[in-house]
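To start, the structure under review is shown below, and the notes come after it.
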Amino acid sequence: MSSALPIKTYTKEAEVAVQAVLRACHVTKSVQDTLKVDDKVSKPDKSPVTIGDLAAQALITLHLQNAFPEDKIVGEEDTTELRKNDGLRNKVVGLVNEGFAKGKLGKESEGIWGEGESFSEDSVLTALDLGSHTGGPTGRSWTIDPIDGTLGFLRKEQYAVCLALIVDGIVQLGVLACPNLGTTAVTDSQTGVLFLAKKNEGGWMRSLKDDAKWEKTTIPEHPTPLRFLESVESGHSAHSVQARIGELLGVQEGTSLRMDSQAKYGALGRGEGGCYLRIPTKYIGGKDYQEKIWDHASGSLLISESGGVVSDMHGAPLDFSRGRTLSANEGIVAAASGVHAKAVESVKKAIEEFGKKV
Ligand SMILES: Nc1ncnc2c1ncn2[C@@H]1O[C@H](COP(=O)(O)O)[C@@H](O)[C@H]1OP(=O)(O)O
Ligand SMILES: [Mg+2]
Ligand SMILES: [Mg+2]
Ligand SMILES: [Mg+2]
């Protein structure tokens, strides 16, 4: 069994979520180590999806379906690619069952639901299709990003397995696993960190290893040195605007921490960096883009529960009640409490400057 969870409410939900995410990490890690060219395809929006993304979402959904059959699922992936590609489908079904294989997860999975069970192709496809819920302001729904940062995953760098519970539009519980993140610093020899956040109770982290102890996550009011965290991909956020915001905040030149996925929220949540910036590229002539709820639900709760502040780039709270996207928001600023207000102010100034240039 996993070491006792540090929270007092939603304990069954957290227990199931942690188990599901641990199993998904086991699968994604083995896929990342052995990925072949035809284990990856492009989705209609041209973004990549791998057998790891699809297997992890199916596996997490099977856990949720078993424990909370009434709950809705808002998942990033669907069965479009699997239904037209036999090879991909067979591999995904095989991986899901490998994730449940007896003894695969070590002692943490002993006595936990699903160990040794086998799932048919039909149940795997049905589980994936459950992820098409529209989200919205009422009821309970889980949002899944089975591999966040697929581009980082393909580069064998950072990625995250993300699962959050949203109740009546509010994120109540967030689980964020970062299999390639160092346990004490972004890169160190001991990799693999699991983060957990519960609304109004706090944020915690532990190593991904068996039975590791949970430690509280805290963000100092003024982290020093102040650095900012941003995407590796220049198509996902406006690096040039962010560099200017960094200057305005007094960040030393060349000290931004670039990494893929919600691992950025994990690093910030345990006090690294001090400010995560995600300024849309449309401000420098890029395409319009709406952020998805599964890309921010777990991470944003971790920040607010660790003493930090999260908003959109204009300072407005993130609104998870609008459906599958954060359609009421634009960009993200997540920062230490002593940095956030100045960061939002600096965003405004930098955008004005760039507006004159574009
Ligand atoms: N133009 C864009 N602006 C912001 N985020 C994007 C954009 N295109 C894709 N993404 C999403 O950014 C996330 C990764 O963020 P990061 O750069 O911080 O690692 C992915 O979930 C990815 O979605 P997708 O899964 O559809 O590729
Ligand atoms: Mg994502
Ligand atoms: Mg993803
Ligand atoms: Mg994706």
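Every residue gets a Cβ built from N, Cα and C, even glycine.
The Mg(2+) site in TrEMBL is built from Glu76, Asp145, Ile147, Asp148 plus one of Asp295, Asp312, Asp319, namely Asp295. Other than the site residues Glu76, Asp145, Ile147, Asp148, Asp295, same-chain residues with C-beta atoms no more than 8 angstroms from the centre of those residues' C-beta atoms, the Mg(2+) site, are Asp53, Ile144, Pro146, Gly149, Thr150, Ala160, Cys162, Ser261, Gln262, Lys292, Trp294. DSSP assigns Glu76 (Mg(2+) binding site) to coil, not to a helix or a strand. Ile147 (Mg(2+) binding site) falls within a strand segment according to DSSP. The Cβ of Asp295 (Mg(2+) binding site) lies under 8 Å from the Cβ of Asp145, Asp148, Cys162, Gln262, each of which sits 6+ residues away along the same chain.
Within its own chain, Glu76 (Mg(2+) binding site) has Asp53, Gln57, Gly131, Ile144, Asp145, Pro146, Lys292, Trp294 as residues 6 or more apart in sequence whose C-beta sits under 8 angstroms from its own. Local packing around the binding-site residues Asp145, Asp148 was summarised as the count of other Cβ atoms within 10 Å of each Cβ; on this measure the leading residue is Asp145.
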